[in-house]
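Report on the following structure.
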Amino acid sequence: MQELIKRTLPQDDALNQAIVNELRSQNWAGFLNYSQVQQLCHNFELTTLKLAMHLLPLAASYSHTAISHFNVGAIAIGEQGDFYFGANQEFANSAIQQTIHAEQSAISHAWLRNERRISDMVVNYTPCGHCRQFMNELHGAEKISIHLPHSQNNPLHSYLPDAFGPKDLDIAAHLLAEENHDLVADHQDDLVNQAILAANQSHCPYSNSPHGIAILFKNGDVVTGRYAENAAFNPSLPALQTALNFAYLNDRKLSDIERIVMAEKALKLSHKTMAETLLSTLTSVELEYYSL
């Protein structure tokens, strides 16, 4: 990732050097906190939005696009000013529905870092209908601004007029708001407990079927993923995708995976088979499944 980032940001530019130094200090995680953002803006006389626009090619460099070879970068800006990178993630030799779109990537990245509200979405290409619908599920969606290289300060609902969303199904819960499904993490295996805790934070008001993923890497690091459901159903993002996306955006190598656990309360639906199908194309490590 280090060399790819350096190729994306030519190092004969002082701003690019400063950005690379920040990323190097955090092992190439695609994230800048508010203090880092403000320091860069101050040192190089940039607005927050101009810095985000400058970072879009960098965000796109985290893409995996074996199918389309079309890299999309996104930056979700949290309500406190943190920058969460996102990029489209494609999975060859699996169903195209397994894909993670860049806006989904940035939002789920923010969610797994416990962000509660997105104020702005900055992206290098106009959001597709799938992503517009996904963003409409967010806590505070009515206040989100969309920024493109050719057009800034656009309300999300200008891209999705007469929108269908949670309110049409009498659902008050929104993605990024605090969730609790009263799942108890009392297993003797800590990795199973982490998958249960992730499931407990799922957003699944339509199926009430939470599931979570916990991935153990060979160095002892653990990445978890939660299920993000959508009022329109198809734009929903399974927990395996949110976990893999977080791994990609934080420079984890899938070849270093040691164990993968899924914990699921499958009341109306199950993601077990879908997860196993995708994993079979990525790793020889088998899914460990725990029914809740």
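Glycine residues also receive a Cβ, built from the backbone N, Cα and C atoms like all the rest.
If you look up Swiss-Prot, you'll see 47-167 marked as domain 'CMP/dCMP-type deaminase 1', on the strength of sequence analysis. The substrate binding site annotation in Swiss-Prot covers N88, Q89, E90. According to Swiss-Prot, the Zn(2+) binding site annotation covers H101, C128, C131, on the basis of sequence analysis. Annotation source Swiss-Prot lists active site, proton donor at E103. Residues or ranges marked as domain 'CMP/dCMP-type deaminase 2' by Swiss-Prot: 186-292.
Projection of Swiss-Prot feature records onto the structure.
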| residue | record | contacts (Cβ under 8 Å, 6+ apart) |
| --- | --- | --- |
| N88 | substrate binding site | S63, H64, T65, S68, F70, N71, V72, T99, I100, H101, A102, S105 |
| Q89 | substrate binding site | S63, H64, T99, I100, S105, Q241, L244, N245, Y248 |
| E90 | substrate binding site | H64, T65, A66, I67, S68, T99, I100 |
| E103 | active site, proton donor | A74, A76, G86, M121, V123, P127, C131, F134, M135 |
| C128 | Zn(2+) binding site | H101 |
Listed in sequence order, residues not in H101, C128, C131 with Cβ within 8 Å of the centre of the Zn(2+) site Cβ atoms:
A102, E103, Q104, P127, G129, H130, R132, F134
For the substrate site given as N88, Q89, E90, which other residues of the same chain have their Cβ within 8 Å of the site's Cβ centre?
S63, H64, T65, S68, A87, F91, T99, I100, H101, A102, S105
Cβ neighbour count (within 10 Å, all chains shown) around C131 (Zn(2+) binding site):
27
Composition by DSSP (helix, strand, coil) of residues within the domain 'CMP/dCMP-type deaminase 2' (186-292):
33 helix, 28 strand, 46 coil
Provide the number of Cβ atoms within 10 Å of the Cβ of H101 (Zn(2+) binding site), excluding the reference atom itself.
23
